[in-house]
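A.B. asks: Feature table excerpt (Swiss-Prot):
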TRANSMEM  17-37  transmembrane segment
TOPO_DOM  38-373  topological domain 'Periplasmic'
REGION    101-913  region 'ATP-dependent zinc metalloprotease FtsH'
TRANSMEM  374-394  transmembrane segment
BINDING   GLY466, ALA467, PRO468, GLY469, THR470, GLY471, LYS472, THR473  ATP binding site
BINDING   HIS688, HIS692, ASP764  Zn(2+) binding site
ACT_SITE  GLU689  active site
COMPBIAS  899-913  compositional bias 'Polar residues'
Amino acid sequence: MAKDKKTNPESKKSFPTAFFFLLFGVIFGVVTVQNFFSAKKASVGFSHQLEHLVNLKLLIPEESRKTALNDNLVSFSGRFREVVPAEGQVRYQYLDLIERKHQIDFELEEASKSLTVLSKEVRNAITWFSAISGMPIPEAGYTISPRTDVGLSVLEPLVVYGPVDAQIVNLAALENRVRSLPKSTESLRVFGSDLYALIGKYLSPALGIGSESLKKEIKDLHQQVENSLTQVIEGDQAVALYKTVLETLHRISLALVSPEEGTRFHQLRSVRLYREDFNRCVKLLRESDETQVQLDKLRGELVQAVWYFNNQELSSRALEKQDPEVFSRWFEGAKQEWAAFSSNKSLSFRAPDQPRNLVLEKTFRSEEPTPHYSGYLFTFMPIILVLLFIYFIFSRQVKGMNGSAMSFGKSPARLLAKGQNKVTFADVAGIEEAKEELVEIVDFLKNPTKFTSLGGRIPKGILLIGAPGTGKTLIAKAVAGEADRPFFSIAGSDFVEMFVGVGASRIRDMFEQAKRNAPCIIFIDEIDAVGRHRGAGIGGGHDEREQTLNQLLVEMDGFGTNEGVILMAATNRPDVLDKALLRPGRFDRRVVVNLPDIKGRFEILAVHAKRIKLDPTVDLMAVARSTPGASGADLENLLNEAALLAARKDRTAVTAVEVAEARDKVLYGKERRSLEMDAQEKKTTAYHESGHAIVGLCVEHSDPVDKVTIIPRGLSLGATHFLPEKNKLSYWKKELYDQLAVLMGGRAAEQIFLGDVSSGAQQDIAQATKIVRSMICEWGMSDHLGTVAYDEHSEAAPTGYGSYHEKNYSEETAKVIDNELKTLLDAAYQRALDIINSHKEELELMTQMLIEFETLDSKDVKEIMDHSWDADKKRARMKEEGMLYKKISEDLPPPPPQENVQDGTSLKFNTST
């Protein structure tokens, strides 16, 4: 019975999953039905649309109803016809004709205004022509357009009258003067100036010749006269020229006066434009008469018609007299409703809460309002269902793991019970000092009385400090596994929630659970999420995170040594932790988990290599030496990548080739073989990397060259890898000078062999500059500046932001530092040039081999330097490495039978391995 009482409430609290599927189905069904009904409605929603629908007879009158809501608003409904009746088509044609008539009248009015303006321009142009040509206007005048009768309308003629202005120097006067023109220079100059001015008047906009051929001919005459005025021409030659020009002008004048296409002065722009507008007016008048005839005919058919226009009831004649602009805007709505009829036909519509108008009062039948409960149901049901769904989801979240709302403040720490933790110190390698620090904790958990009997106090808290991936969490689990005690694990971010007080409640609950399972270990990973400095946040020291931290401080200082609870925490940001959290009595011991050295990396690789099938020839010590700065997680990932690469190549064991490739992938990035590099780019990269390798092999204090490659990885097009022989604990001056020469080797090789330099040495120059600046300003290795530290770096601020660089020396000292910096870099570059000049043959050979093989290992580089290089041996070695541990397919087909065919030949097959 006790078991039933315990389990039945849990079964009642669990909500059936089928309910949620049913809930989603109901919501989907309601929305679908609403969309179905709304999609079948016609697009009528405003009362002003009804004027056009009623005028064009598009609605069924018997189904047009309205329901009064108050004195101003009504709801109306109706249905469209299946086809437009004949009367509706006649009505629409009538409205369209009225709109066309208004448009024609407007265009005709604009054309008439244009004719008035152009007629004035024509008179001015012809009068000006008569004045400059000396040709008098006839008494009857020049007729540009005759009187024209178009139906009942008349277009008045355009006749130009006017006397000639005798004061203007004209063509006729110059023709008379040239007959008795003296041949003196002054007389010729005066006559030429008058002729030049006359030709300019022919080209003036006042005349406005529109023919391009005539204008070009007149411009040529203008240029000839201008040349005669600027050049020295004999008298007879000048007179002959002027006579020719006058004859040409006379001919042009006669051509302008001569009728063309039935019109004089047709070559003038103003006359041509006038004729175009005149013809346009004639055309518009004819269209107006035709439209008026059609309107009269349709008006006879619609004598009894009633039109609803802007809330007015009008006859057909009254509709025609409406303002054209107002009618045009109103007719746009009629056109839209007429065009929409094809999609609205046979459909019903309903529009609620619309203002009353005349068409509703006259044509729609009134009815009493009826309640639509189904409409209310469809309207509010989706809202109710969504609110219910949100309520149930929220209630399930609040219930948490234990099925009650009060469990929201319970600790989410995961308990690894006694006997379940299989991790021991045997699984931890490379951090021996940290393991030694934690041996006492293991002894306490196994035998607490050993320490308390002597009056000693066991550390209440242990803080593991180290970079990411160094094994802080792993060593904490190893402590619990070695002592075989319960292990509570939780992340620092699990304490902070959106509800106030939840974090502090979880802290209290976690320590209560730990006391019940004492002796045990509580491990808080990434404690900096909850243990940051107080008072630095936006909440001014009173936010939820700080309340959680306060509760943690109280709990850590509140339990005694006899309770057997040890708190372990891990962080990679000890600088941001609150000082009260770090004081003795809370975290008594700080264990620094450093990045492993060469020996540590070898031990870590050996631990992870136990579960990987490695080729016995794989040198784990060489891998450890080639991965400086790698954490335990990096090394584990390296071996895992090597195993994946070997499996991809169908090998039965992981060889040194896969390990080296995985190391490069983890540390430097994946090969970018898809990057297109032309032959010149490959050659440049090969010279650059060969320069690094040659200088590195020739200097005394450089690490051995491990590999040279021109395969792009990450952001680099190539790389030269060095294999450190020992841990780098300090830097020596001679070593740094050699390292600077190695860094400058790539740029020096480009300068010597290519005669130019590229941007590929950007990282080399930046790294060399950083080293030299540290030598001068931090390590006191400059002969000129002495053993003085010129750079200061501040400690990290309490807010958690990084340190900053402070300059505390004068501008003159800065100049000396810059000069010394340039001197050392120039010396390193010159040293690299000297080394490469003395090993040109080896560098050229290494470059050629890099272009062919793309990668050279340490053995290849040594053979090139020893002049014992053999490319065939390299190819054979690469082929042997490629076939090493290759899987042999078990599904090979049997060999084909050797049967003779009719022509006496045997069947032969190509085989490949």
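A Cβ is built for glycine as well, from the same backbone N, Cα and C atoms used for every other residue.
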A.B. asks: Show, in sequence order, which residues other than HIS688, HIS692, ASP764 on the same chain lie with their Cβ within 8 Å of the centre of the Cβ atoms of the Zn(2+) site.
C.D. replies: GLU689, GLY691, THR720, LEU743, MET744, GLY745, GLY746, ARG747, ALA749, GLY760, ALA761
A.B. asks: What are the non-local neighbours of ALA467 (ATP binding site), defined as same-chain residues 6+ apart in sequence with CB under 8 A from its CB?
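C.D. replies: Residues satisfying the criterion: ASN572, VAL593, ASN594, LEU595, SER631.
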A.B. asks: Identify, in sequence order, the residues in the chain of GLY471 (ATP binding site) that are 6 or more apart from it along the sequence and have a CB within less than 8 Å of its CB; answer 'none' if there are none.
C.D. replies: VAL428, GLY430, ILE431, VAL593, SER631, GLY632, ALA633
A.B. asks: Between THR473 (ATP binding site) and HIS692 (Zn(2+) binding site), what is the CA-CA distance rounded to a whole number of Å?
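C.D. replies: Roughly 41 Å, rounded to the nearest whole number.
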A.B. asks: Near HIS688 (Zn(2+) binding site), how many other Cβ atoms are within 10 Å of its Cβ?
C.D. replies: 28
A.B. asks: Pick from GLY466, PRO468, GLY469: which of these binding-site residues has the biggest number of other Cβ atoms within 10 Å of its Cβ?
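C.D. replies: It comes out as GLY466.
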A.B. asks: I need the neighbours of the ATP site defined by GLY466, ALA467, PRO468, GLY469, THR470, GLY471, LYS472, THR473. Which other residues of that chain put their C-beta within 8 angstroms of the C-beta centroid, in sequence order?
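C.D. replies: For the ATP site the neighbour list reads LEU464, ALA570, ASN572, VAL593, SER631, GLY632, ALA633.
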A.B. asks: Return the residues near LYS472 (ATP binding site) by Cβ distance under 8 Å, restricted to its own chain and a separation of at least 6 in sequence.
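C.D. replies: Residues satisfying the criterion: LEU464, ILE465, GLY466, ASP525, ALA570, VAL593.
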A.B. asks: In which DSSP state, out of helix, strand and coil, do we find ALA467 (ATP binding site)?
C.D. replies: coil
A.B. asks: Do me a favour and check the Cα-Cα span between ASP764 (Zn(2+) binding site) and GLU689 (active site); whole Å is fine.
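C.D. replies: About 11 Å separates the two Cα atoms.
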A.B. asks: Would you kindly give the Cα-Cα distance separating GLY469 (ATP binding site) and GLU689 (active site), rounded to the nearest Å?
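C.D. replies: Answer for this pair: 32 Å between alpha carbons.
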A.B. asks: Among the recorded positions GLU689, ASP764, point out the residue whose Cβ has the most other Cβ atoms within 10 Å, with all shown protein chains included in the count.
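C.D. replies: Counting every other Cβ within 10 Å of each candidate, the maximum falls on GLU689.
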A.B. asks: Restricting to the chain of HIS692 (Zn(2+) binding site) and a gap of 6 or more, list residues whose Cβ falls under 8 Å of its Cβ, or answer none.
C.D. replies: VAL708, THR720, VAL742, LEU743, GLY745, GLY746, ASP764
